[in-house]
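Q: Annotations for this protein, taken from TrEMBL, read as follows:
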type	residues	note
DOMAIN	A:71-281	domain 'ABC transmembrane type-1'
DOMAIN	A:368-558	domain 'ABC transmembrane type-1'
TRANSMEM	A:21-43	transmembrane segment
TRANSMEM	A:71-97	transmembrane segment
TRANSMEM	A:109-129	transmembrane segment
TRANSMEM	A:162-182	transmembrane segment
TRANSMEM	A:203-225	transmembrane segment
TRANSMEM	A:261-279	transmembrane segment
TRANSMEM	A:310-330	transmembrane segment
TRANSMEM	A:372-393	transmembrane segment
TRANSMEM	A:405-426	transmembrane segment
TRANSMEM	A:432-452	transmembrane segment
TRANSMEM	A:494-517	transmembrane segment
TRANSMEM	A:537-558	transmembrane segment
Amino acid sequence: MNVSISLPMPARHGRIDLSRPIFVVLVLALGLLVVLPLFWLAYYSLLDQNGQFTLANFSALVTDPTLRRPFLTALGMALGVGVLSCVIATPLAWLVARSDLPGRTAIRALVTASFVTPPFLGAIAWEILAAPNSGLINVAYRSLLGLEPYEYLVDIYTFEGLVFAIACYTFPYVFTLVVNALERVPSDLEDASSMLGGRLSTTLRRVTIPLVLPAILAGTMIAILQALTMFGSPAILALPAGFHVITTKIWSLFQYPPKPGLAAAAALPLLIVTIMLLWGQARILGRRGYTTLGGKSSDPRIAKLGRWRWLAIAFVVSVLLLTVLLPYAALLKTALTRTVAEPLTWSSFTLHHVNFVFFEFSATKLALRNTFLLGFLTATIGTAIALVIAYLVTRRSVPGSQLLGYLATAPVAIPGIVLGVGLFLSYSNPSLMLYGTLWILLIAFLTIEMPAGYQQLSSAFKSVHPELEEASRILGGTRMTTLRLITAPLLRSNVVATWCFVFIGTIRELSATILLTTAETKLVSVIIYDLNESGDLGAISVLGIMLLVISFAVVIIANRLPVLGGQRLPAAR
Amino acid sequence: MMKRRTVLSGALVSGLALLGAGGLAWAQAPAPYEPNQEMIDAAKKEGTVVWYTATDVQVSEKVGNAFEAKHPGIKVQVERSGSERVFQRISQEYGSGIHKADVIETSDAVHFLLFKRQGWLQPAVPSDVAKSWPAQVKDPDGQFAAYRAHLSVIGYNTQQVKKEEAPKSHADLLDPKWRNRIVKAHPGYSGTIMTGTHALSEALGWDYFEKLGKQRIMQVQSSTEPPKKLAQGERSVMADGNEYNMFMLKESGVPVEVVYATEGTPIAIGHAGLLKNAPHPNAAKLFYAFLFSRDTQQLISDVGGLRSFHPEVKEKEGRTPLSQIKILYSDPTKLEPQIEEIKKKYEVNFGT
C-alpha cells in the first residue's frame, strides 16, 4: 500500500507566498515616498533664481561662511548630543533592566514622559528654567546666595545649553533600545561568565555590553541624527544666542525672497554625513551575530547594587529631575501665573492662560483633533509597513531585500525641513494636489518615522533566532503567515513600542510640519511654535501639559490593551 | 476715565505724503460699501471667515470674538503668525492654487505691493475707509488699506533700570553698560523690524547696527517678543519691538516703559486686504468692513494699543499721541529691492 501518498503533504501548494508581490509594492511605495521629494530637491538645487541651470548653489556651500559655519556647528552639536545621550542612557538602562534599584517602573514611566515631550517644548521649558536673568534656576541661585542682579549659574542660550536641552529629549531613544536589548540577553551567557570566575564588572564588560552594543550604537545614531536634523530646539535656543545651525539656516532661506535652490543644496552635506554614519555603524557591528532571543529563554540576572545603591539613586534622580520633573514643574508654574517672573502664590495664581487656550484661542480644538488623528494613522500604518520591511530584510527572504532596508532608512538623511520642501514641491502641483490636506502630512510623517520604526523592528528581528520561524515554515506556513502567527507575537512588545515611538514622533514633529500646514491642517506643534514666536509662554505651557497628558495616556493604554498583548513579555517584568 | 480725542496728526499725514503713494488717488477704486442685510444673510450661509493676521494673537482673537458676537452664526478662524510667516504661507498656498484665506493682514507694507502685483486682492472699499482714511494710507485702486499702524520702540524694565539711567536714544544703546542686557527682534522674521531696520539704516547708517551687533544682544524673532522678554526680566532693555505690546503690558501693571528715541521712532503700517479668491466672499466682505469700523478700531486701540487711522478713535490716557513723537518712515517701494541686502548685512553683524 502506498501510505505515503495519502499522508497530507505540508500544504504549501495552493497558498501563494505573498512576500514577493508585497516586496514589489513596498519598493514602489517607499521609492515614491523617498525618491520623489529627493528628485525635486536635486532638481531645484541645480536651478538659480530665474530657473536656469547653475552650480552656484553648491559652490556657495563652500565659499559662503554664513552657510559653512551653521553646518559645522550642527555637526558639533549633534555629536555632543549623541555622546551625552549615550552616557546618560546606558547606565540608566542597565539600572532599570538589570539591577535591584527601587522604583524601576516609575523610572521607566518618567523616561517615557521625557520621550513623549516634544523637544521644542522641552527647549521652551528650559528657557523658563535657565534663561540667564529670568530663569527660575538662576533666580533661585541669586536669592539663595544673595547675589547681584545679572549674576547667573546657567545660561541655556549657549551652544552647550542647546546640546543639553536636546539631549534631554533624545536620550530615551538610546534608553529604550538598550533596556529592550538588556532584557533579552540570556542569563546563561552571563551565568557562564560568573561560573568561570568573572566578577560583575567583568561580566558586564566582556559579555553584557558587547551583546547590547548594537542597541547602544543604534540608539546613539538615532540621537545624533535627530539632533542633526532638529529644527525646533535650535530655533528656540540658538537664534537668541546669535548662531545658526544648518536647519535654522535652511529655514531662513525660505524667508522672502525664498531661495529653495540654495536650501536644497544645503541639505546635501547632511545627506552625506548621514550615509557615512550608517556605513560606520555597519562597519562597527560587522558580521558578528547577536541573536539573543531563542526558543528557550531565561530570566535575566538581577544585580545587587549593595553599597552602590545610593550613588545609583542619586544618578537616576538627577537625570529625571533635569529631563522631566523640573521642566514640567516650570511649565505648570508658567501655566498658572501671569508672567514667568512671578513666583506662584495665591495672588499671582490665574487661570487666564487655561481660559485663553480652551475658550478664546480658536485654533486649539482643530489642532488637537488633527494631531491625534495623524498620530494614530501614522503609527498604525507606519508600524505595519516597518514590520513587514524589517521582516523581509532581516530574513533576506526575497532577493534584493536589502534595497528595502536602504529605502526605509534613507529618509533619516533628509532633515524634516528639507523633506517638507521636497514634499511641498512634489505634492502641490495641479495634477497631484495634496498640499492643504491632511494627506500630505500623513505622507510626511510616514516618511519621517519610517527609519526609526524600521531600525527598531529590525534590531528586534535580529535578536529573534530564526529557528522558531523555520519551524513554522517547515510545518507549511508561508512567510507572511509565519510573520503573523509566530514572529509578530514574539515581538509584540517591540511592535507596541514601535507604535508608541511613531505616535510620539508624529506628535513631536515640527520641522517638516511647519512648511506643510495650512489653516485647516494645523497641528499642536505648529501652534506652540507660533505662540513661542510671539512669546506667549503661559498659553504654550497649558498646551504643552495637555499634549503630554494625552499622549502619555495613549502610550499607557497602548501598553495595556489586551488585544495588543497586554503586559510586556514576562522577562520585562 | 477721560479719554483724549486724537486724530492722527497732521505731522503723520504729511510724513506719509512723502511716501509718494498719493497722486492718482481713487483712480480705479470701486464705490464704497456698507454691510447690508443681504450681505449679512449670505455671510451667515457661508458660516466662517478665515483671517490671516500678524497682529498679536490675544488682540486678534478679541477682534474675532467681537465679530462673532455681532454676527452670531459666523465663525472667525484666526490664523496668526509673524508677518513673514503669513506671507510665506499665503505665497505657498496661492502658488499651489489653494485659496483658504478670506482676509489678510500683515505689518509689512511691501507684502501688499506684491499681493497687488500678483493680482491676489479684490478691490473693496468699506465706507469708513472711503470717508475717513488719509489717501496716503489706502491703495488708490482700493485693494488694501491701513488696518493699523504701530511703532517699533525702545523700551526698558523699570524694576531693573532707573528712569534717569534709561536709554534716551538709539545711540545710548551702544553704551557698554548695556552689553548682554539688550533684547532685539529680527528683520528676517518680522515685517515690523524689517521696516524699522530700513528706516533706521537710512536715518543712522549701518554703522549703528555694526556697533549694536557687538553688544551681545539676545536675538528673538517676532517684534511681539522683545516686550515679553522685558516683562519676564530676561533682558533689561529692548532695542526694538512693538509699542502696542508695551502698552498692553504696562497697562496690566507689568513694570515696563516705552522710550521714543530722540533720533526718531520707526512706524510700521499694517495693511489689510480682501482676497479675490476668498472661499467665503460675503463673510469676507462683511468682516473686512468690520475691521475698519469705528468700534473695531477703538477695540484694537484700547486692548491692542494699536494706532488707528479712524478719526473718531479716542486713545487711552497715558499714551503719547503720535503728534508728539518724531517718526521715521520707510518707503515700501524703496525697501523692496533692498530686503536681501538688509538681511545679509544683518547676519554679518548679528550672527543670524
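Using N, Cα and C of the backbone, Cβ positions are placed for all residues, glycine too.
Note that the structure is predicted; figures quoted are calculated from it, not measured.
Help me see these features in their spatial surroundings.
A: Long-range contacts of the transmembrane segment (A:162-182) within the same chain, counting only residues at least 6 positions beyond its ends with a Cβ under 8 Å from a Cβ of the stretch, are 77, 80-81, 84-86, 88-90, 92-94, 96-98, 108, 111-112, 114-115, 117-119, 122-123, 126, 156, 208, 211-212, 214-216, 218-220, 222-223, 226-227, 230, 233-234, 237-238, 241, 292, 300, 322-323, 327, 452, 456, 459-460, 463, 493-494, 497, 501.
Remote same-chain partners of the transmembrane segment (A:203-225), defined as residues 6 or more beyond its termini with a Cβ less than 8 Å from a stretch Cβ, comprise 78-79, 81-83, 85-86, 89-90, 94, 98, 167, 170-171, 173-178, 180-182, 185, 189-190, 193-194, 274, 277-278, 281, 284-285, 290, 292, 412-413, 451-452, 455, 459, 462.
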Q: Using a Cβ-Cβ cut-off of under 8 Å, list the residues of the same chain that are 6+ residues beyond the ends of the transmembrane segment (A:261-279) and lie near it.
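A: The answer is 41-42, 44-49, 54, 57-58, 60-61, 67, 71, 75, 221, 224-225, 228-229, 246, 249-250, 253-254, 409, 412-415, 418, 421-422.
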Q: With contact taken as 3 or more Cβ pairs under 8 angstroms (pairs 6 or more apart in sequence), are the transmembrane segment (A:372-393) and the transmembrane segment (A:109-129) in contact?
A: no
Q: Given the cut-off of 8 Å on Cβ pairs that are 6 or more apart in sequence, determine whether the transmembrane segment (A:21-43) and the transmembrane segment (A:432-452) share at least 3 such pairs.
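A: Yes, the transmembrane segment (A:21-43) contacts the transmembrane segment (A:432-452).
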Q: In terms of Cβ proximity under 8 Å, which residues at least six beyond the ends of the transmembrane segment (A:432-452) contact it?
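A: Result: 30, 33-34, 37, 173, 222, 225, 370, 373-374, 377-378, 381-382, 385-386, 408-412, 416, 419-420, 423-424, 426, 501-502, 505-506, 509, 512-513, 516-518, 520-521, 523.
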Q: Relative to the transmembrane segment (A:310-330), which of A:71-97, A:405-426, A:537-558 accounts for the most Cβ pairs at distances under 8 Å?
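A: Of the candidates A:71-97, A:405-426, A:537-558, A:71-97 scores highest.
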Q: Should anything in the same chain at least six residues away from the transmembrane segment (A:537-558) have a Cβ under 8 Å from its Cβ atoms, list it; otherwise answer none.
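A: Sequence-remote neighbours of the transmembrane segment (A:537-558) are 112-113, 116-118, 121, 124-125, 127-128, 328, 331-332, 334-335, 337-340, 352-354, 356-358, 361, 364, 368, 371-372, 375, 496, 499-500, 503-504, 507, 524, 527-528, 531, 564.
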Q: Grab the same-chain neighbours of the transmembrane segment (A:405-426) for me: Cβ-Cβ under 8 Å, and only residues 6 or more beyond its ends, written as numbers and ranges.
A: 27, 30-31, 33-34, 36-41, 44, 225, 228-229, 231, 246-247, 250-251, 254, 260, 263-264, 267, 270-271, 274-275, 278, 386, 389, 393, 432, 435, 440, 443-444, 447-448, 450-452, 454-455, 458, 509-516
